[in-house]
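J.: Let me begin by handing over the structure; questions about it come next.
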Amino acid sequence: MSLTDLLSPSDIAAALRDCQAPDSFSPKKFFQISGMSKKSSSQLKEIFRILDNDQSGFIEEDELKYFLQRFECGARVLTTSETKTFLAAADHDGDGKIGAEGIDCFKYR
């Protein structure tokens with residue numbers, strides 16, 4: 001399964017266009033534009049599984065900085081500031097990684 005099985009390619013493209021400039025990435029806005037904020041918990045778990053590049057059950061800071069590239073190969077890498085802000089918003093237990101138990105934070109409702 002790929003992200004385009006769960007999200008519209010045109011919505012993904014629009015979300016990536018919105019954050020092309022360094023330090024312009026907003027997780028909330030990205031999830032809204034890409035359609036992730038409207039997905040069910042089970043769909044979000046599948047998206048999480050796809051984004052968890054090493055299949056460890058967590059998305060660590062090193063994986064998170066390449067978040068946009070999981071949606072499109074040529075997308076930019078998140079800046080250090082963007083990565084840390086994103087991680088802080090989604091890491092509910094402070095262990096420095098995002099676990100599947102916090103997947104609903106991807107809804108950013």
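Using the three backbone atoms N, Cα and C, a Cβ is placed for every residue, glycine included.
Note that TrEMBL annotation is computational and uncurated.
Got these off TrEMBL a minute ago, pasting:
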type	residues	note
DOMAIN	39-74	domain 'EF-hand'
BINDING	Asp52, Asp54, Ser56, Phe58, Glu63	Ca(2+) 1 binding site
BINDING	Asp91, Asp93, Asp95, Lys97	Ca(2+) 2 binding site
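For each feature listed, report its degree of burial, its nearest neighbours and the pertinent distances within the displayed model.
T.: The average pLDDT the prediction assigns to the domain 'EF-hand' (39-74) is 92.
Listed in sequence order, the residues of the same chain lying 6 or more apart from Asp95 (Ca(2+) 2 binding site) and placing their CB within less than 8 Å of its CB: none are present.
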J.: What is the separation, in Å, between the Cα atoms of Lys97 (Ca(2+) 2 binding site) and Phe58 (Ca(2+) 1 binding site)?
T.: 6
J.: Same chain, outside the domain 'EF-hand' (39-74) by at least 6, Cβ under 8 Å from its Cβ: which residues?
T.: 1-3, 6-7, 12-13, 15-16, 19, 25, 80, 83-84, 86-87, 96-100, 103-104, 106-107
J.: In Å, rounded, how far does the Cα of Ser56 (Ca(2+) 1 binding site) sit from the Cα of Asp91 (Ca(2+) 2 binding site)?
T.: 15
J.: Quick check: which same-chain residues outside Asp52, Asp54, Ser56, Phe58, Glu63 lie with their CB within 8 A of the centre of the Ca(2+) 1 site CB atoms?
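T.: The answer, listed by sequence position, is Asn53, Gln55, Gly57, Ile59, Glu60, Lys97.
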J.: List the Cα distance (Å, whole number) between Phe58 (Ca(2+) 1 binding site) and Asp93 (Ca(2+) 2 binding site).
T.: 12
